[in-house]
Amino acid sequence: MSHNDTIVAQATPPGRGGVGILRISGLKARDVAQAVLGKLPKPRYADYLPFNDVDGTPLDQGIALWFPGPNSFTGEDVLELQGHGGPVILDLLLKRILTLPGLRIARPGEFSERAFLNDKLDLAQAEAIADLIDASSEQAARSALNSLQGAFSARVNHLVEALTHLRIYVEAAIDFPDEEIDFLSDGKIEAQLNEVMADLDAVRAEARQGSLLREGMKVVIAGRPNAGKSSLLNALAGREAAIVTDIAGTTRDVLREHIHIDGMPLHIIDTAGLRDANDEVERIGIERAWQEIAQADRVLFMVDGTTTSAVDPAEIWPDFIERLPAKLPITVVRNKADVTGEALGISEVNGHSLIRLSARTGDGVEVLRNHLKQSMGFDTNMEGGFLARRRHLQALEEAANHLQQGKAQLLGAWAGELLAEELRLAQQALSEITGEFTSDDLLGRIFSSFCIGK
């Protein structure tokens, strides 16, 4: 589809509401104003007018806002019609607008895409619009707004600028090898490179925090039947999310709860008790449990404290530990401390965290909450922080790898040409975050996930 088309879409959620907004962007927006309103409203003033059908009869009446380009969200001529939020009224008005030549329904995210293409915002800011709409906590919303206002982009642009200056110095050292001063070995390039790498590490740390705020952490509760997994899910959720009985195998399917711990989103997943089951339904539930474990960020290995005194997971259930994905973090949770009389708290056993608690009474659950937050390195004090997506983390990691390789070339062989190439690739990776260097395919994937009216 052409970006020269004039597009229209509903900017408010579907369904009934007090107000419904249609947004039009493109060269034909002024034609829509003349046809539907009978005039072109004064720029950036709210004008209360009837919205007319083809024969001149009013379909609705409401507020019209006219934003001539380039001083608009998309950088194009933009008209907003704010009428009553009934779906029938909005549909009639939309059909009326589409009778005009040169107009079509907008694709998902096309308004934001046009704003990006017209340099009204960069790619990270465009993504922040969707993240702000989808924010699941106050802290996530504040961080998304910071990204929209350019906090993340400013950090990335600072790194790109520093790399540009460093590349200029390295290129000079390559182009003028006969100078008396050996630029590659005078220590200045290494010092500047170390400074850029330190700044990049700081941005990566903040980006990981931002990614946690946006994506959350997936925690799977796993263990044998009747270990108290569903009771723990209820304790963490603060409500009766799962049925709890003394009958082994009560939970036969995956149960999911979305909670927040001091602003960090957490996806808690309760699974069927793991055992050799004869029942077909239970077997399916157990297979699904293993599928969830394979995708988890952390596993809470639930142990009935009344059945064993062991604390090492490899001793408690070696077959379970052997089947877990390599490097998957495990927290051993010894449950039923109210029965065994074990001291509540957290300790370390052979590289694994061990927590003693009672899911039934809730004693020790707060220790587990703090452990989950700290195990992911989540910082509740993120004033001025920003949200980050997985593609941002990948780009930052790629840039860091290129800088590491460039430093190795500098110190190992004083190879200026190879260092210059690694610096270029690092700069290119960072530029993908803001969209300075981005493929059309990536743009399509990003904006297709947006709302229609955005």
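Positions of Cβ are set from backbone N, Cα and C atoms, glycine also.
If you check Swiss-Prot, you get these features:
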type: BINDING; residues: R23, E80, K120, K454; note: (6S)-5-formyl-5,6,7,8-tetrahydrofolate binding site
type: DOMAIN; residues: 216-377; note: domain 'TrmE-type G'
type: BINDING; residues: N226, T245, I247, T250; note: K(+) binding site
type: BINDING; residues: 226-231, 245-251, 270-273, 335-338, 358-360; note: GTP binding site
type: BINDING; residues: S230, T251; note: Mg(2+) binding site
Distance [Cα-Cα, Å, rounded] between N226 (K(+) binding site) and E80 ((6S)-5-formyl-5,6,7,8-tetrahydrofolate binding site): 58
K229 (GTP binding site) - helix vs strand vs coil (DSSP): helix
Spatial neighbour of S230 (Mg(2+) binding site) that is closest, considering only the binding-site residues R23, A272, K336, S358 and their CA atoms: A272
Set of same-chain residues at least 6 away whose C-beta sits under 8 angstroms from E80 ((6S)-5-formyl-5,6,7,8-tetrahydrofolate binding site): A11, I21, L22, R23, I24, A64, L65, F67
Candidate with sparsest Cβ neighbourhood (10 Å radius) among K120, K336, the listed binding-site residues: K120
Residue among the binding-site residues R23, K229 whose Cβ has the most other Cβ atoms within 10 Å: K229
Within the predicted model, mean pLDDT of the domain 'TrmE-type G' (216-377): 86
DSSP state at K120 ((6S)-5-formyl-5,6,7,8-tetrahydrofolate binding site), helix/strand/coil: coil
Distance, K120 ((6S)-5-formyl-5,6,7,8-tetrahydrofolate binding site) to K336 (GTP binding site) (CA atoms, angstrom): 58
Mapped DSSP class for K336 (GTP binding site), helix or strand or coil: coil
Cβ packing number for A272 (GTP binding site), 10 Å threshold: 27
In the chain carrying S358 (GTP binding site), residues 6 or more apart in sequence that have Cβ under 8 angstroms from it: N335, K336, A337, D338, V339, L344, G364
Cβ packing number for N226 (K(+) binding site), 10 Å threshold: 22
Integer Å distance between the CA atoms belonging to K120 ((6S)-5-formyl-5,6,7,8-tetrahydrofolate binding site) and A272 (GTP binding site): 50
